[in-house]
């Protein structure tokens, strides 16, 4: 990506300019990879079961791409033939949705440009714009008029209110998020822009292709067509996850090399190696991580609503809290860094990475409160909302009957395109934390993380003391009442 002209938070000691380094031992250098030595490092030799598992998922990816492509082509042709018979208006259904897909690509590119040139304003703008745009989508759906539309619109409005409350709750953490983003993305690897732009273009073209199939199935509206649309949307979600994580693995690999060893690696070269050797592991991670993150997030949300994340107030909460903490060792984004760097299987990579993160005092709690994931999520929601408003308003003006479905399709597609566009941002932050966990004393890192850990420890100690005092007061009141 383009290098910003100035960045107040980036320390000169933090990021090293290109220079020649002495060769590192093959077992410790991320360059000891298939492209350099013909095999992975000895410590990461793959088991037969791991190879089969990754080969299975890689085959599953390409199989479903082939089958979905055939299905879309058949549905599109059938839809064109039967459109007049079923009174389906092709010229009213396709243009708004296809235009919204294009808008999602443009919005995604614009959003990340804002992050590059002014991270501080971009972070603050995300937490303000996302609820406003989401609420706008909800109002649009309510204006359509039917009870179903109003109900779904109310859900969007409730989601917007939740985002607003969340934005108020995490306000004290925004300053640190701004700093860590500035440090991690200060000098992106060479040719990062090409990798990101290619990923966005592929996601937009693939989404547009699937839209033609969805339109073909919508033209006849049978129960079987509903199943076809569901299958296409599931394929879209998984394929976009894989595309996002391919970019994430490639960029985090190149960024990790700089943070850990002071060497520079071309992002395009990392992307090529990732596509050639690591697709299977990425497919495994793209399947496990969304499921585990959703389950863990749901458990933590219930814990938070019931009391707090540390002091739960409903039966069985301790068990659920333990499950939530265990799930992160089975599926988390941090493992993608070692997948790209050391050619590890995803399960092995996430286990090793999480052990490293936990071995550094205070780092586990710090990354648990990191806002990068929330920032990328809400940014993607904003892109989805812009896409949804484009299609929804257009459809509301020309053909109200199609407004609901087209608005929802546009939102989902825009969300996934937005996630693909900002994957490089999250990759840089992941690489920064992982590299820090392996060598916290390195001169390439400034005092941002240690100072934040110290701050969190002070706040935790203060909260514990306050809870202890409250407990003593309750005991005294109980004793006096007796």
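Quick reminder: no glycine exception, Cβ is built from N, Cα and C everywhere.
Note that the coordinates shown come from a computational prediction; the quantities given were computed from them, not determined experimentally.
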>> Quick check on the annotations: TrEMBL lists transmembrane segment for one of 328-354, 409-435. Which range is it?
In response: 409-435
> In TrEMBL, which of the ranges 226-243, 244-261, 262-279 has the transmembrane segment annotation?
Replying inline: 226-243
>> Which residues of the chain, 6 or more past the ends of the transmembrane segment (226-243), have a CB below 8 A from one of its CBs?
In response: 61, 64-65, 68, 71-72, 75, 199, 202-203, 206-207, 210, 213-214, 217-218, 279, 282-283, 286-287, 289-290, 412-413, 416-417, 419-420
> Apart from its near flanks, which chain residues at least 6 from the ends of the transmembrane segment (154-174) lie with a Cβ under 8 angstroms of it?
Replying inline: 123-124, 127-128, 130-132, 134-135, 137-139, 141-142, 369, 371, 374, 378, 381
> Per the 3+ Cβ pairs under 8 Å rule, pairs at least 6 apart in sequence, do the transmembrane segment (60-81) and the transmembrane segment (195-214) touch?
Replying inline: yes
>> For the transmembrane segment (409-435), I need the partner stretch with the highest count of C-beta pairs below 8 angstroms, choosing only from 93-115, 127-148, 195-214, 375-397.
In response: 375-397
